[in-house]
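Below is one structure. I have some questions about it.
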Amino acid sequence: MAGFAELGLSSWLVEQCRQLGLKQPTPVQLGCIPAILEGRDCLGCAKTGSGKTAAFVLPILQKLSEDPYGIFCLVLTPTRELAYQIAEQFRVLGKPLGLKDCIIVGGMDMVAQALELSRKPHVVIATPGRLADHLRSSNTFSIKKIRFLVMDEADRLLEQGCTDFTVDLEAILAAVPARRQTLLFSATLTDTLRELQGLATNQPFFWEAQAPVSTVEQLDQRYLLVPEKVKDAYLVHLIQRFQDEHEDWSIIIFTNTCKTCQILCMMLRKFSFPTVALHSMMKQKERFAALAKFKSSIYRILIATDVASRGLDIPTVQVVINHNTPGLPKIYIHRVGRTARAGRQGQAITLVTQYDIHLVHAIEEQIKKKLEEFSVEEAEVLQILTQVNVVRRECEIKLEAAHFDEKKEINKRKQLILEGKDPDLEAKRKAELAKIKQKNRRFKEKVEETLKRQKAGRAGHKGRPPRTPSGSHSGPVPSQGLV
């Protein structure tokens, strides 16, 4: 099998790979690196955990070393967490170059990001929405001279679903040069990607894994048929079972909404499970902290929406539980790809209700494998059913109370927008009015206090003869007129 040197990579990059413990290139790296070094556009499709990131990072770093300038490469990714993970790969492999990178994602200060962009870093890793915001609002940087445009998890970026990046991508593509290398990488090949393969003009190279299934052999995939209304009781029973049998195992539980994610996290903590949540409603710092705590095994259970289903490399996850059956097979593939990574064993269990049978059939058809049933003792589940339902309701009430003020503020902002007003300007105006009112109130209180003191002083002088200045005479004083 060819090594990294045989792919055409420079000796310093081969040495970096050796130091990282990368001894042999993976199939996607063997297929794509030579084509990228030749200057060809590339579309690579391979299952999760196959080394797709290094397949584009290595050749880009080699080309950068030959002609270093900024901004040399733009990498687009659908999630913030994946952006930071890609940046880490660039930093580690590009350390001998003195590589400068810049991460442009939502939830962070735009002014600081604009300053970083103006310094012309070699590589920009961004989510489409935030980068498009910078392009629309700032002229302190340019991506008109980039050499590489990379779309990681390209199927998610290009699909028109609940998260539609179309408008932002149009703004970005209008700002990049026509003469560039475009690299698309994904774990799933969609119709959109097939169309792009046919439209590419820069000697396009297409590589797809030859494996007949989209999930790895080391992954034990099962389903658990449960009634919709008792799903949470089955989930608690499953986690308790894994915790009793394997205390050191790490578990990821995937949910379909931010609210469900937060409620389940609160509920499992009530049962004393070491749980942390990860979803898009959290502040960016909270998301980083949650991931760090899970990766370092401070918390053994991560409850997440699909922001954690793509690209995140957490090699020590033993179990993935789908709290809901994914609506699309590719979502299932990305979720279960968080376990059984790098040759390790892993288990994936999907909670299936009576309404999800057709979704399971679609998944089985895609992965070319039948899911086996996971058996549990129903009597044990029934014993905790009432307790789980009560705790769940308590958590729902607590969450609603905690977010009441926030929802009220959001509704106010919506109303102002409907009235043609800028919510931020209105808030600023109200703050200024409040300051003026407070200043007037303090002035009024000060005047009233002065008047009271004067009144008290006059009352103390009543009954006393008026004091006569020294050297003056008593008697009427002649009028001096108005001064």
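Each Cβ is built from the backbone N, Cα and C atoms, and glycine gets one as well.
From Swiss-Prot, here are the annotated features:
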DOMAIN    33-207  domain 'Helicase ATP-binding'
BINDING   Ala46, Lys47, Thr48, Gly49, Ser50, Gly51, Lys52, Thr53  ATP binding site
MOTIF     152-155  motif 'DEAD box'
DOMAIN    218-382  domain 'Helicase C-terminal'
REGION    444-483  region 'Disordered'
COMPBIAS  453-465  compositional bias 'Basic residues'
Give the residue counts of the motif 'DEAD box' (152-155) per reduced DSSP state, in the order helix, strand, coil.
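Taking the motif 'DEAD box' (152-155) as a whole: 2 helix, 1 strand, 1 coil.
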Kindly state the mean pLDDT of the domain 'Helicase ATP-binding' (33-207) in the predicted structure.
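Across the domain 'Helicase ATP-binding' (33-207), the average pLDDT comes out at 90.
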Around Gly51 (ATP binding site), how many other C-beta atoms are within 10 angstroms of its C-beta?
18
Test of understanding: give the count of other CB atoms lying within 10 angstroms of the CB of Lys47 (ATP binding site).
18
Long-range neighbours only, meaning 6 or more apart in sequence with Cβ under 8 Å: which ones does Ser50 (ATP binding site) have?
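Within the chain, Ser50 (ATP binding site) has Cβ neighbours under 8 Å at Thr26, Pro27, Val28, Ala209.
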